[in-house]
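Trainee: Handing you this structure, nothing more for now.
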Amino acid sequence: MAAPIEVCRICNCDLPKKHRRVIFSESFCVFNQLTQVIDYNASPNDGMSKYVCGYCFTKLNKLHKIDMELLHKMDALRREKGEVLGSLRDKHAKALLLNIARTPKSKDKRSIVHSPTPRKTKKTLFTTPRKEHIEPEGQAMQEDNQRLVLATPMETMKPITIKSFTPSKIKVVYKTKKTKNIRTKLVKDCQLGELVRSIAIHNAPKRTIRAMYNTPLKDVINNHIMTELKQEIGKLTSSVNRSLLRQIDSKSLATFSIDRVNEEIQIWAPLFHQCMLTLSNNNLMGATVAACVMLKYNNKHMSALQHIIGQILDHGGATDDTIDTLSKMGMCVTASSSAKRKHHLLSRQQQHIKRLLTEPVKEDEQITGTHQLSKSSDIIGDNIDITRSPSQMSVDRRRQSWHWFLLVALEKRVQDPTLDDTHPIADISQVENSLFIPNLEESAFLEGNFIHHIMQVLVKYVDSLKRYKLCIPEYISHPHLNMSCQKSDYAIIDLLDKSENKSEEMIDILQYIHEKCIARSDSDNDHDTPSSLKRVFGGDVLTNERAYSAQLALHNGMTEFSKLQCVIHRPEGLHRMMNLLLVSMCLVKFQLPNGRA
């Protein structure tokens, strides 16, 4: 049977017999260093290894030498310190003995000077009071002091000790406000003394505040913070402020923004916002929602967010009991309030659509006698398809699909009502074809715009190029930039339960547009009289093709309304821009070196 292999107690490596160092032998002089390394006292009976390797033994010897050097150096430094301190104390004692005040003996009687008692002066802490002497007598006093020092041996001289303040007490010196006199006060409380000491030695602000919070002032500080919070919330909920959470009219609820509410809370109640942000783990959405709920409990009129949540619950199919239960928790308003606000929102949306689309034509008889619209707008539409496929198909579980058609009214902002369109500028048959071909300058300008749009798409969607987003201009400058950068007015007309893939339902969609979205003059009382107004109907290519097919199906009608010809088909701008982008990428990417594409 093989003998067990011994290992090192420190590094647990295998040890041959030649490299063993016995720990418990008389020659092992580094036992204390071994105890420092393994952090316990080794014993022969602890069942552990009794050896260390040569490498570890060398390191232990090095530790032993370092400890010895530290010990000798510390002793030498202590002796040197004692010598320097003793010499300085001797000099200090001699200086004090030379300054001892002695009254010289005189045989003549001193004349009495009748004067009021002089005011006592304040003595400093670390200096011995001195008495001014007359010049002739000063020399004799100095000689007497020197004789006294020489006659008194150094061993019999008592050391002079200077008493200072105790470490547990701090003395504060300050000036009064009115008389500007210097006053002193003793800080007896240990915790307040620690605070004063922290301020005096210019500690970090965090340490000073921590010391202040550990004093009896903690409750006072907390009460002051609560008072500040109440004042900030009072300013925020004041009726004079007209906070965003107070504005519960239809327009304000339709344009509500949680980011604007967050900015308002930061401006009017920064401490309250910081508390909410800390409690929500720096989540802006959570901090803002929690602040809105708390402000609703503080003031019942701060309920804009609760009105919006009530509309969401009502639209999602929540029952009145559910809404009322959440209302008691401060999350929303009651079911009756939600119903009233829903009626106002619906009325506002209908007025918005009417003002944007179906406003009747106004006649300006005094100036031009022509028809003039208050606003010019287009209609855009597209299909919304949702398909749900079950994980396992069966007779009862089949694929389900829903098809809707969304109609949106969009204002046409960039227009020129002063442009004369009564007759064409030129005869199209006589215009040369070369005028339709761009020249070199226009081609270079168009290519530069192509490159700009391509780079905008690349830095937006390619991760490796997103860091170069700031290097590309956000817009292409042109004379009408201020007009085109403004936000357009739009209104969602309706979401029809129709599919554009069916001809009958596409006809119903066009009929709905003619009934609800085509404005007519006062003379167009019925559908048999033609209307002079047509609307642009935009969509993707498939939508335009289906709408054109629906018009062809009703081509035998008698009027424009019956033929569904009051709409002008136009591909949607997004699809045109995408097609333009694809063409421009092909031109830029596949351009040959000789300039040909």
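Placed from the backbone N, Cα and C atoms, the Cβ positions cover glycine too.
For reference, TrEMBL lists these features for the protein:
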| type | residues | note |
| --- | --- | --- |
| BINDING | CYS8, CYS11, CYS53, CYS56 | Zn(2+) binding site |
| DOMAIN | 6-80 | domain 'ZAD' |
Trainee: What are the other residues, in sequence order, whose C-beta lies within 8 angstroms of the center of the C-beta atoms of CYS8, CYS11, CYS53, CYS56 at the Zn(2+) site?
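Mentor: Residues close to the Zn(2+) site, other than CYS8, CYS11, CYS53, CYS56: ARG9, ILE10, ASN12, CYS13, LEU15, VAL52, GLY54, TYR55, PHE57.
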Trainee: Would you mind listing, in sequence order, the residues at least six apart from CYS11 (Zn(2+) binding site) in the same chain with a Cβ closer than 8 Å to its Cβ?
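Mentor: Correct list: CYS53, TYR55, CYS56.
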Trainee: Could you give me the DSSP helix, strand and coil counts for the domain 'ZAD' (6-80)?
Mentor: 38 helix, 6 strand, 31 coil
Trainee: Are there any residues in the same chain, six or more apart in sequence, whose C-beta is under 8 angstroms from the C-beta of CYS8 (Zn(2+) binding site), and if so which?
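Mentor: Spatial neighbours, sequence-distant, of CYS8 (Zn(2+) binding site): LEU15, SER49, TYR51, VAL52, CYS53, CYS56.
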Trainee: Let me spell it out: for each of the binding-site residues (CYS53, CYS56), count the other Cβ atoms within 10 Å of that residue's Cβ, using every protein chain shown. Which one has the most?
Mentor: CYS53
